[in-house]
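Engineer: First the structure, which I've put down as structure tokens, then a few questions once you've had a look.
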Amino acid sequence: MEIVLSTAIGILAASGIWLLLRPRTFQVIVGLCLLSYAVNLFIFSMGRLTVGAPPIMAKGGFVNPTAYADPLPQALVLTAIVISFATTALFLVVMIASRGMTGTDHVDGQEREQ
Amino acid sequence: MNPASDLFAPDLFAPEHLMIAPILIPFIAGALMLLYDERQRRAKLGISIGSALALLLVSIELLNRAKGSHLPGDTGIGFYLLGDWAVPFGIVLVLDRLSAMMLMLTALLAVPALIYSAAGWHKQGQHFQSLFQFLLMGLNGAFLTGDLFNLFVFFEVLLAASYGLLLHGSGQLRVRAGLHYIAVNLTASLLFLLGVSLIYGVTGTLNMAQLSLVIPNLPAADRPLLHAAAALMGIAFLIKSGMWPLSFWLSTAYMAGAAPVAAMFAIMTKVGVYVVMRLSLLLFGAGAGASAGFGAEVLIAGGMATVTFGFLGVLASQGVGRMAAHLVLISSGTALAVTGFALMGAGSALLAGALYYLVSSTLATSALFLLIEPMSREEGGIAAMLALTADAYGLDDVEDDGAPEVGFAIPGTLTILGLCFGACLLVLAGLPPLSGFLGKFAMLSAGLDQSSVAAPLIWGFMALLLLSGLATLIGMIRIGIRTFWVTDGAAPKVLALEIAPVIVLIGMILLLTIKAQHSIRYMEDTARALLTPAIYTEGVMSAPRVVDQPKDDTP
């Protein structure tokens with residue numbers, strides 16, 4: 001499972017970075033989305049990988065912490081998803097405004113002179 | 001006394017609750033203003049300035065508390081446990097001398113910027129005042145928070161507000177600069193998140209104080225991971241503080257911002273510097289075992305490269321806007337390099353000088369950003385310039401308040417503008433008699449009797465410090481001559497509302513200069529506390545919960 005997850009994160013991050021460096025705003029925003037997926041998966045994996053383990057412990061008595069998933073990264077990733085979603089949406093608005101004002105979807109607002 | 005009454009009638013106005021006020025006041029003010037219609041600008045302006053003044057009062061009181069021994073536990077650290085959760089598990093706000101100082105600086109910049117915006121800028125787009133308050137909330141939260149994830153959250157709050165503010169007034173230039181600014185900062189936030197989660201994975205905590213305790217005892221196998229995490233977070237903060245080569249976005253973004261926004265942005269790089277200073281000295285200070293001094297070389301080299309890039313930029317700039325942006329770079333580069341020296345064990349005197357310099361140069365760059373627009377104004381005055389942006393925004397038909405903007409225009413415009421510009425020049429170039437000189441002098445004299453840092457490094461730094469001052473002098477005098485001496489007679493029309501904030505900021509600088517003894521002593525105490533992370537750690541880790549405290553109230 002570890003190898004599958006790390007490969008997935010790696011592929012997402014690599015595609016994200018490649019798209020981020022492209023000259024079109026649409027490619028940049030898709031790149032940012034992919035990168036944020038990679039980061040969110042990475043945060044999730046920092047709580048160690050467990051299958052079928054609940055994050056909330058039963059009340060009272062001795063509990064074996066290894067039988068439970070770490071709830072903190074789950075809480076963190078939830079916050080991170082919300083924030084990156086909101087800021088990406090804002091970026092989208094600015095991108096559309098830029099497209100409307102300049103008439104091009106180049107990140108610099110003008111095509112490179114050939 | 002039944003427990004229920006204890007629970008539901010807490011002492012809401014107990015003095016310890018004041019610590020969360022710098023976050024709550026702008027939050028409530030900002031949210032409240034969203035309810036108002038966009039046309040009720042006067043009410044919004046009133047709420048906004050009222051909130052900024054309240055923040056100023058609160059920050060003065062907090063500064064007094066941080067300075068004296070009024071803090072609970074006499075540890076020199078104020079803390080506020082949100083929801084009264086025990087320390088390493090809950091969210092904690094921490095107040096020490098450094099954060100109190102930064103809170104004060106934020107409030108000091110906010111009031112003049114808002115007054116300036118009253119001259120017309122706040123009409124150029126929607127929700128200016130709300131966004132401004134949310135920016136203040138994010139800044140204050142970032143200065144107060146005691147754990148890394150909340151630092152991320154407050155950073156996002158302030159960045160989201162700054163995206164909106166940068167676009168305020170619209171126009172093609174701003175949208176283009178905003179696009180770059182947002183893309184760069186989103187990427188930096190992702191790096192920040194990677195670093196935070198990696199730190200959690202390695203150490204199992206995000207509380208800064210507990211991290212400082214865990215790091216010395218970390219197994220050797222985990223240490224490279226920790227360093228990787230710190231480096232990732234470091235890149236995120238260094239992008240924000242504008243370290244070369246991560247600073248190419250900065251000058252365009254700062255130039256594009258509306259004047260009051262740019263004046264407030266003067267402290268945005270300082271948030272990055274603050275976090276670098278706080279975290280590197282706390283986590284990788286002398287007591288950090290094998291990790292002690294991690295990143296010092298990068299900070300020194302990067303800081304010095306930033307100063308070099310900054311002064312070359314100042315010399316090359318044609319307009320005063322780009323020059324001011326490069327002056328911001330010089331100021332944060334200096335502070336970053338000194339943080340690196342402090343990590344290497346350079347002692348508190350150098351750091352104290354840098355803190356003093358940081359405060360005065362931030363005030364001066366903020367004043368300069370406010371001066372730029374009146375200085376470079378064409379004959380038409382603010383009306384023509386605003387009409388330009390209003391045109392782009394399609395605001396012509398929303399002109400509501402009836403009378404067009406006819407404020408009191410000051411007499412002797414060029415003289416007053418020239419004097420203000422000269423004061424900024426003196427501070428930024430580090431010439432006597434103003435506070436810039438005192439700050440630089442303190443750093444130079446501490447640098448001269450330095451023994452723990454390699455001599456070429458510290459001498460190189462001092463040379464750069466003097467060189468950057470010279471470059472600032474040359475660059476700014478050139479602009480000054482062009483603006484004030486070689487004019488064709490017609491002085492621009494400048495409203496009193498626009499020049500008053502600048503004079504207020506320069507008054508702050510004067511106060512800082514006159515009260516130099518007190519302020520430098522405060523900075524020295526701050527620097528000593530920063531170099532002794534145990535004060536912070538013990539202060540936070542021993543913070544008692546309210547429920548555990550003995551009840552001493554008598555019915």
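Each Cβ is built from the backbone N, Cα and C atoms, and glycine gets one as well.
Predicted automatically and left uncurated, TrEMBL annotations should be read as such.
Got these off TrEMBL a minute ago, pasting:
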{"type": "DOMAIN", "residues": "B:146-458", "note": "domain 'NADH:quinone oxidoreductase/Mrp antiporter transmembrane'"}
{"type": "TRANSMEM", "residues": "B:43-63", "note": "transmembrane segment"}
{"type": "TRANSMEM", "residues": "B:75-95", "note": "transmembrane segment"}
{"type": "TRANSMEM", "residues": "B:102-122", "note": "transmembrane segment"}
{"type": "TRANSMEM", "residues": "B:142-166", "note": "transmembrane segment"}
{"type": "TRANSMEM", "residues": "B:178-200", "note": "transmembrane segment"}
{"type": "TRANSMEM", "residues": "B:220-239", "note": "transmembrane segment"}
{"type": "TRANSMEM", "residues": "B:298-317", "note": "transmembrane segment"}
{"type": "TRANSMEM", "residues": "B:323-343", "note": "transmembrane segment"}
{"type": "TRANSMEM", "residues": "B:350-372", "note": "transmembrane segment"}
{"type": "TRANSMEM", "residues": "B:408-431", "note": "transmembrane segment"}
{"type": "TRANSMEM", "residues": "B:452-474", "note": "transmembrane segment"}
{"type": "TRANSMEM", "residues": "B:494-514", "note": "transmembrane segment"}
Engineer: Could you give the residue numbers and ranges of same-chain residues that sit at least 6 residues beyond the transmembrane segment (B:323-343) on either side and whose C-beta is under 8 angstroms from one of its C-beta atoms?
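Structural biologist: Cβ under 8 Å, 6 or more out: 238, 241-244, 247, 250-252, 254-255, 262, 266, 269-270, 272-273, 276-277, 280-281, 284-285, 293-307, 309-311, 313-314, 317, 350-351, 353-355, 357-358, 361-362, 365, 368-369, 372, 428, 443, 450, 453, 457-458, 461, 465, 468, 472, 475-476, 479, 527, 530-531.
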Engineer: Cβ pairs under 8 Å only, please: of the recorded stretches B:102-122, B:178-200, B:298-317, B:452-474, which one is richest in them relative to the transmembrane segment (B:350-372)?
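Structural biologist: Most Cβ pairs under 8 Å with the transmembrane segment (B:350-372) come from B:102-122.
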Engineer: Are the transmembrane segment (B:298-317) and the transmembrane segment (B:178-200) close enough to be called in contact, which here means at least 3 C-beta pairs under 8 A that are separated by 6 or more residues?
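Structural biologist: Stretch pair does not touch.
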Engineer: Below 8 angstroms Cβ to Cβ, which residues of this chain, lying six or more residues outside the transmembrane segment (B:494-514), approach it?
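Structural biologist: Distant contacts of the transmembrane segment (B:494-514): 108-109, 111-113, 115-116, 118-119, 263, 356, 359-360, 363-364, 366-367, 370-371, 373-374, 377, 382, 405, 407-410, 413, 416-417, 420, 423-424, 427, 433-435, 438.
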